[in-house]
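Notes to accompany the following structure.
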Number of protein chains: 2
Amino acid sequence: MKTLKIPEATIIRLSVYSRYLAQVDRRGVTTISSGEIADGVGVSPAQVRKDLAYFGEFGTRGVGYNVKDLYWHIIKILGLNTTWSVVIIGAGNLGTALSMYGGFRERGFKVVGIFDNAPHKIGYRLNGVEVYPMERLKEIIEREKAQIAIIAVPAEYAQDVADQLAETSIQGILNFAPRVLNVPEHIELRNVDLSVNLELLTFNLAFRRSIKAGR
Amino acid sequence: MKTLKIPEATIIRLSVYSRYLAQVDRRGVTTISSGEIADGVGVSPAQVRKDLAYFGEFGTRGVGYNVKDLYWHIIKILGLNTTWSVVIIGAGNLGTALSMYGGFRERGFKVVGIFDNAPHKIGYRLNGVEVYPMERLKEIIEREKAQIAIIAVPAEYAQDVADQLAETSIQGILNFAPRVLNVPEHIELRNVDLSVNLELLTFNLAFRRSIKAGR
C-alpha cells in the first residue's frame, strides 16, 4: 500500500491543533502565532511550525496564522471537510458505546448502521441507529454509501467480519478487536489497541518511581 | 510535571515491538536482528535501532538481540514488569466494554473495581468485578491499592470524577470522556480521543483520493 512520509504523530497533533483552533475561534480570536498554538496544546512552537510545514506555507512571519483559514486547512488535510458514513459491526458493549460516542459526530462522522448476528438485537435502534443482521451488511453499506467500518466484535470473529467487509465497497476499517487482521490492499486498515494508552501511562509512572528511587 | 524527552511514538512502538517479541519467542526464536523486528512490525530497521538506543545498548553487532532479554527489557521500560491495579469509573457501555477488554489482562492490568452512581447497578459483577457506589471510591482504591483509574463517564461528569480521584491515592488517570480535565500535578493524566483513530484513517483515505484525482 502507498504510504505517506508524514509521521503519524504529526497527523495526531494536527487533529489536536484543529480542536484548539475551533476553541479559540469560538472565543472570537482571528489571528494566532505558532507560540500561542504551542502553549495551548502543550508542544513546542518549533514542533507546530514543523508539523504545518509538511503541508506548505501557511502563516505570515511576524503576524501569525489566520485562525479560520488554518482550521479549515487542517480539516481538509485530515479529510474532514466531508461527512464520512460509518457502520459499526458488533452491537455489544463496545459497539453500543461507540454508537453513542459524541466525539465522532463532532468531527463529521455519521453512524448509519450497526450490525450483529444476535436475533434479539436486530431491528432495535441504538442512539437512533438501526441494528441490522450481518446478512444485510453489503446491502446496507451500499445503500448508505458507508466508507468506513468499525469492527467491535470479539477477537475470534474479527477476521471473518473483515473478510465480509472486503466483499463490500468499504474503503477503511477501524479494528478494535485485539487481533491482527488481513485485508486486501485497497482497504485502509487501522488497529486500535486500548492497552497502549495504559502503557503510555505506566511508562511515565515507572519513570517517576525510578526518579524517586534516585536511579 | 517532569516529562521525558522520549517521543510518545517511540513508547507506542516499544509496545508493538514487545508484542512481536513475545510472538517470536513463542515460536522458539532466540535471537533476532533489528531488520527482522522491523519487517515483523512494519517500520524501518533504523527506526528500531533508534527507538532502542534511547534506553542504552542492547544488541551485539552482527549477532542481533536475544529475544527474551530484549522482551523483558522493554517490558521493564514500559513499567509492565509489575501488575497494575485499575479501577473503572462508569459502568455504562464503555466501562463495561473496558472491564471485559482482554488486551488489558494480557499486559498485566487487573481491574479491581467498577464504580457507578446508578443504584440498580451497585453490587452486580461485571466480568467478575464488583460494581461499587461512588461513595466507596476512596475506600476501595485504598483497600485494593489501585494505582490507575479509567474515567468512562459522560463528559459532563468527568471533571467531578477527576476531582474525587484527586482525593485518593490514584497515581494515573486514563480519561475516555471527550473533555479536557484538570488534575493535580502528582497525577499523570492521559486522554484517549477515539475520533483521532478515525481521523488517521480519513487522512489516508483523503490522500488516496487526491492521488487518484491526479493532484
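Each Cβ is built from the backbone N, Cα and C atoms, and glycine gets one as well.
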| said: Under TrEMBL, the annotation DNA-binding region belongs to which of these stretches: B:16-55, B:96-135? | reply: B:16-55
| query | Taking CB atoms only, which of the binding-site residues B:Ala91, B:Gly92, B:Asn93, B:Leu94 fall under 8 A from chain A? | reply | B:Gly92, B:Asn93, B:Leu94
| field | For B:Gly90 (NAD(+) binding site), the number of other Cβ atoms found within 10 Å of its own Cβ | value | 26
| task | Using a 10 angstroms cut-off on Cβ to Cβ distances, just flag whichever of B:Gly92, B:Gly95 is the loneliest among these binding-site residues. | result | B:Gly92
| message | Below 8 Å Cβ to Cβ and six or more residues apart, same chain only. Which residues does that give for B:Ala91 (NAD(+) binding site)? | response | B:Ser99, B:Ile114, B:Phe115, B:Asp116, B:Ala118, B:Lys121, B:Tyr124, B:Leu126, B:Val131
